[in-house]
Amino acid sequence: MTLQEEIIRQLGVKASIAPQEEIRKTVDFLKAYLRKHSFLKTYVLGISGGQDSTLAGKLAQMAIAELREETSDQAYQFIAVRLPYGVQADEADAQKALAFIMPDQTLTINIKAAVDGQVEALQAAGVEISDFNKGNIKARQRMISQYAIAGQMAGAVIGTDHAAENITGFFTKFGDGGADILPLFRLNKRQGKALLKVLGADAALYEKVPTADLEDQKPGLTDEVALGVTYQDIDDYLEGKLISKVAQATIEKWWHKGQHKRHLPITIFDDFWK
């Protein structure tokens, strides 16, 4: 088995999908998790205005709405959370995503004071924080807020990790990589886009250029520039297609580099890192 085949197997990616079937499968998955854990009544998800959180949010709201209808339990709620650092440059996109999702509840927590306070505390202790490291603090602070909300509202936190993100390790460890449930896992970027099209999302929500936008000194840095490879190449690779040797080498480099992010903390029994 080639490395490409092994990665595809681990991430569960299909070369082609039926969007309606994947939508139904995901909604049923989200419903089943809450039904199994009767002490949970809510899903919590940060909404950025990008493709991934828009899709995960819409599917979560659909699942919650069906649960309420089927059980007559009004305690089931989907809580969308806006988590800007100061003023978000593409706030209009976030609002467009919320209008599409129509969440039961929307909360806004500005993480700037918490992030800046942490950076200042570290600097006071003599630890200088790089702009890149500060970006990771932002990602982790967003999850702190979401878990605080979930803890108060009998909730589970949804993550937006999908195959095209997982293969490159393009997420912050214990930041956006930390969640309770990953409804998009197995889908690549173009497949997620296909689901949003079927769901009737505004094209602007899935055609916009993906960016994590975590670094102050590199505002709007696109994922593809940061990774050095296009999502088209990543998606093709995940669908078992041939791509250029340069693109393949870049993808596989990120796969190896990000292995630690795909595991729980390492124990003496682990050997994947050796």
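Cβ from N, Cα, C; glycine included.
Under the heading ATP binding site, Swiss-Prot lists GLY46, ILE47, SER48, GLY49, GLY50, GLN51, ASP52, SER53, THR160, LYS189, THR211. Under the heading Mg(2+) binding site, Swiss-Prot lists ASP52, GLU165. Per Swiss-Prot, deamido-NAD(+) binding site is recorded for ARG140, LYS173, ASP180, HIS260, LYS261, and the stated evidence type is sequence analysis.
Annotated features taken from Swiss-Prot, shown on the structure.
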| residue | record | contacts (Cβ under 8 Å, 6+ apart) |
| --- | --- | --- |
| GLY46 | ATP binding site | SER53, ALA80, VAL81, ARG82, LEU83, ARG142, SER145, GLN146, ASP176 |
| SER48 | ATP binding site | LEU83, ALA94, ALA97 |
| GLY50 | ATP binding site | ASP93, ALA97, LEU205, LYS208, PRO210, THR211 |
| ASP52 | ATP binding site | THR160, HIS162, GLU165, LEU184, GLY192 |
| LYS173 | deamido-NAD(+) binding site | HIS260, LYS261 |
| ASP180 | deamido-NAD(+) binding site | ALA150, ALA156, VAL157, ILE158, GLY159 |
Coarse DSSP state, helix versus strand versus coil, of LYS173 (deamido-NAD(+) binding site): coil
Nonlocal neighbours by CB distance (under 8 Å) for ARG140 (deamido-NAD(+) binding site), same chain, sequence gap 6 or more: THR172, PHE174, GLY175, GLY178
THR160, THR211 as binding-site residues, winner by CB count within 10 A: THR160
Whole-number Å value of the largest CA-CA distance among GLY46, ILE47, SER48, GLY49, GLY50, GLN51, ASP52, SER53, THR160, LYS189, THR211, listed as ATP-binding: 19
